[in-house]
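Undergrad: Please find one structure pasted underneath; my questions will follow.
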Amino acid sequence: MASDDLSGSNQKCETRHITVQETDQAFEDSSRGTTTIIADSIVNMRSNLISDMLIKGKNELYATKDEDPDLRRSSDFRHKQAHNKRNLLLLAYQSIGVIYGDIGTSPLYVYSSTFSEAPSKQDLIGVLSLIIWSMSIMVTFKYVCIILYADNDGEGGSFSTYALLSRYLNITHRDPREATMVEMKRVATGELDNPRRLFRQRLERSVFLRRLLKVVGIIAVTAVIADGILTPAQSVLGAVQGIQVVKPGISKSIVIGVTDAILFFLFAIQPLGISRMTIGFSPIVIIWLGFNAVSGTYNLVKYDASVFRAFNPALAFDFLTRNGYDGWRTLGGVLLSFTGVEALFADLGAFNRQSIQLSWLCWAYPCLLLAYIGQAAYISVDPSAFSNPFFNTVPPGTLYPALVFALLAAIVASQAIITATFQLLAQVMKLSYIPQIKIIHTSSTFHGQLYIPIANWLLMIGCILVASIYNNTTSLGNAYGVCVMIVSFLDTSMVALTAFFIWRLPLWVISPIWLAFASHDSAYLSSALEKVPRGAWFTIALAAVLAIIFLIWRFGKEQQWAAEAQDRFPTSELINCTVDGDMHLSKRFGSSRITRFRGMGIFFDKAGETTPIIFSQFAMKLTALPDVMVFFHLRPLERPSVPLEERYSVFRLAIPQCYRLVVRHGYNDVIVQADLANVIHTQIRVYLLNQIPRNKTSLTLHNLEDDVDQLDCSYKHRVLYFVGKEQMKIRPTSSIFRKIVLSIFLWIRENTRQKIAELKLPQDQVIEVGFLKEI
């Protein structure tokens, strides 16, 4: 390749040039008699200056630094999407169908899960008071009114809170290739008061505290995902078992078969996206919640309106103190009244704060209150009804419609946790805790609505296995609730840090609020942990295994970044240009002469700044480069499309005939395709032609025209695409534990990395540049 039509560069690299202004100044000085230069000397000097300026003009073209301010724009960062009133109402409507299916189906089983025998009226009122105030404190006050404000540019969940903190605090290492895509907002030390300054210093300097925050964020994610496997199985199986109310003879195998079929269907329609699915889901949940509200109102009017006394929180405390240990154990059943709240925060990225607040406060919350109060009114008259609180308390003649909507609502209930799983996986991927996997944006109107194919099918397999193995809701119920409270407690603590460092609220405001919510969470968490021996160990173990996998991947990526750090340098440090136009590797890399071969080389550039590793490895190993070189960088933005006038940015680099092309694109834009070379050639040509009008009076004009000719000739002769294949090996001196961890990382990496064949490029024009890194 190095001997193929070699052509040298005619560029000269000078360090000192005489400007036109200096020439004019010399003539002015001569005319004033300030110098003794004779006329013919002046003429000779001017002639020499013109020659020098021809050289200068050409070199000006290559004086551009690798770091161009336009490499990073404020529009590159993720920003919270703004919505008009119409879209806000549409989001609120959609959120009912996605978020509240889980928490909305709790009236099916809360009382039966709380009591083991027919309750006395006093105990019934006490539990109702617990339900009312727990749901109000946990969902309305804590999440809807406080935690939803702790979003990371529209994203929600504990991990998004960790990511938000990492933008204000130096608590995490970022992928150098992705760091420029994150808008950092660290406040200057001088602007902080003493408590915040001291706490921040301690947090940033403590390796233990930084790692603790990282682990907390990951555990919150994996706990939700563990619930994501359990919740669909629990809700769908519970709904299908409801058929046995009207058809007691149905066998367990039929129930399991129908459950598995429904689960398969539920996951099979996920590619449709939230906007399409909620066409059916939202009416189901709206009607379901409305039916519960009407049924509750009917029971209140017909049976016992005195249950309204439960709004007195003293009755909840009275129940707990009277029943002691048994009262504490009932909290494990009461917490089912707000399961799904962890998904409410995680689903924030698919909707927004205002839409969730609107749908909860105006519809879901009042409907659920009426449902629980109405059931209590009926049970106070017929205590045996607690065993099946929903179906035993529906108004006469509505059993079959209630069964149909209960079945549909229970199926929809799984959507909240499925959507939350997609949102959280997208978040952890940004901070390199899992490999880069395919994400599909399902809406051009609402940018945060996602679908992740591999996660969807793995969730489906997990749910079907869990439903088939556990095969009844009693067994599944014992495994349920622990992860909900773990996530809730972690959310409380992470948002407290957000309030301190980002909202800058005083400690005397944060501390009592955190203590109140943390105590509430701890009471329910301790009760839920009592179920660990009876099945809750499953979700804890699953969350722990997932967390270990995520942390192993992150550790491996950090070792990879450290190994690649030495390759991050500007092109001017790699290649030097001599006075006679020859190009050489710098002394650091051996000073070898670089030959040029005809054609245009397109080097895929992951970082979009400094020198691509592919380019430096190719130049050092072959000491040959194409006549025209393009560093091609794709910069994905979280929007449907980027207008053509904003999509392309071209920069000239320090090496002659070397350009950087940054392509900003939305998730609906298709960039890498068969005619990619034509697009790149056109954009660089337009860039060069646009420089000509600016240089009409400059001596660099002909150089620009030469560059256009060189670009055209190289493009017509041959186009080559250069992609990298980085291989890694573990350092022989590593400890056994480190070797095991990195071996797992390398295995995952090898089985998830993108293959060259997946690039939509002419395969006979692709050159793979391999290189080895030791970690």
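Cβ from N, Cα, C; glycine included.
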Undergrad: Can you check which of 307-326, 327-346, 667-686 TrEMBL lists as transmembrane segment?
TA: 327-346
Undergrad: At an 8 Å Cβ cut-off, counting only pairs 6 or more apart in sequence, do the transmembrane segment (450-470) and the transmembrane segment (212-230) clear the bar of 3 or more pairs?
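TA: Judged by the Cβ rule, the two regions touch, with the required three close pairs present.
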Undergrad: Tell me whether the transmembrane segment (281-301) sits in contact with the transmembrane segment (476-500), defined here as at least 3 Cβ pairs under 8 Å among residues 6 or more apart in sequence.
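TA: Not in contact, no.
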Undergrad: Other than its close neighbours in sequence, what residues sit by the transmembrane segment (250-269), given a CB gap under 8 Å and a spacing of at least six beyond its ends?
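TA: Long-range Cβ neighbours of the transmembrane segment (250-269): 232-233, 236-237, 240-241, 243-244, 277, 411, 414-415, 418, 456-457, 459-460, 463-464, 467-468, 471-472.
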